[in-house]
Amino acid sequence: MLRSTCCTPLCPFTAKQPSFLRKQQRITSDRFTFRGGGGGDAAAVVSSSGLRDLVFVVNPQGANGRTAKEWKKLLPHLRSRLGKDCNVSELLTSGPSHAIDITREAIRDGADAVIAVGGDGTLHEVVNGFFWEGKPVGYLSGEASRSTALGLIPLGTGSDFARTFGWNNDPCEAVERIARGMRSRIDVGVIDKEGKDLHYFINVADVHLSAKAGFYASKYKKFGNLCYVIGALQAFMGHHNQDMRIRVNGGEWEIYPQVTALCVGNAKYFGGGMKITPNAIPGNGNLEVVVLQNFKWYDFVLKLHKLYNGTHLSVNNVTSRSVQSIEVEEITDSGSIYVQSDGEHLGFLPRKFQVLPGAIDIIS
């Protein structure tokens, strides 16, 4: 479903930006080429008419249907705030993976930005739409200076990615970010299985208990953020810590005994606000890996507050390291250790995780 509209000021927004996003440049009527790096270099592209072409990818089923209702309320604000500067296309997803296809088509058609409207799941699909067969999707005209930015209006069950940037779940603020038109370059993670089945993530990927909990949580999204608690309780039933083999940056294999969960963060939060990879910065060219070992159910109960406020790195049996790539295998080869990224179930180990520095520009 496609609705095209032209969509001026609503509510002033002056929130402080994270330090890793300070190198920015406003979108103007000029065209710029990007200058590489993962540190937040900024640039801008608009259509030949001088108006920005924005594609909003909306998941109407998000948050048990709440996304569709909130989006309908937001549309008048979009038209009011953005009318002088942009052309807006609204595209509603019809099912799983549809946002990926919509995004690829929009980029090939030369959109200046694709904005995910929904939760982390919708954002995850839109990010994957920026890539095809291991390469960035390009504008079909071959125009080297043309680059599509990623945007976000958080209206879903979970908005963990937005937390890293200090963004509230306020659609008015999101519209103001889009109106300002500032771009910053950020990293993206990519996951593969023996060189195949490439999958991209922008927030956090994880292995074993947390991934299993996320798998179960997805079945209870009608309960809102409570779904994460229900998923964790269900995942604990029959859970066993596992010995794993890990290789960092192509080096020697290391044995990690009794792994409870392994998390690979491009950003900081997952699971409805848990600051699991607190040192992750999505523009520094690295991923943060946090490993929890030999945790029992009561460890989570006693240390849950530390996991949420990001102080768990000082806890025994918790380690953290910065990597460009990490390969993870289970030693027993049971084929039953869950893998997920940005809350989406990807299957089971083995997997390789690596960073793509400065892979996407985000409206910030």
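Here, residue 1 is simply the first one shown, and the rest follow in order.
Positions of Cβ are set from backbone N, Cα and C atoms, glycine also.
Annotated active site, proton donor/acceptor per Swiss-Prot: D120, in sequence order. The ATP binding site feature in Swiss-Prot is assigned to N59, P60, Q61, T93, E125, G156, T157, G158, D342, G343, E344. Among the features that Swiss-Prot reports, substrate binding site is placed at G118, G119, D120, G121, with the record citing similarity to another entry. As annotated by Swiss-Prot, domain 'DAGKc' applies to 49-195, with the evidence given as sequence analysis.
The sparsest Cβ neighbourhood within 10 Å, among the listed binding-site residues (G118, G119, G121), is found at G121. If you measure from the Cα atom of Q61 (ATP binding site) to that of D120 (active site, proton donor/acceptor), you get 13 Å. Note: the CA-CA distance between G121 (substrate binding site) and D342 (ATP binding site) rounds to 7 Å. Within the set of binding-site residues N59, D342, E344, the entry lying nearest in space to D120 (active site, proton donor/acceptor) is D342 (CA atoms). The two recorded residues, G118 (substrate binding site) and E344 (ATP binding site), show a Cα separation of 14 Å. Look at the Cβ of each of the binding-site residues N59, Q61 and count the other Cβ atoms within 10 Å; the largest number goes with N59. Sequence-distant contacts (6 or more apart, same chain, Cβ under 8 Å) of E125 (ATP binding site) comprise V57, T93, S97, H98, A99, I100, T103, A116. Secondary structure from DSSP puts G121 (substrate binding site) in a helix. Calculated from their C-alpha atoms, the gap between D342 (ATP binding site) and G119 (substrate binding site) amounts to 10 Å. Straight-line distance linking the Cα atoms of G119 (substrate binding site) and E344 (ATP binding site), rounded to a whole number, equals 12 Å. Looking just at the domain 'DAGKc' (49-195), the mean pLDDT is 91.
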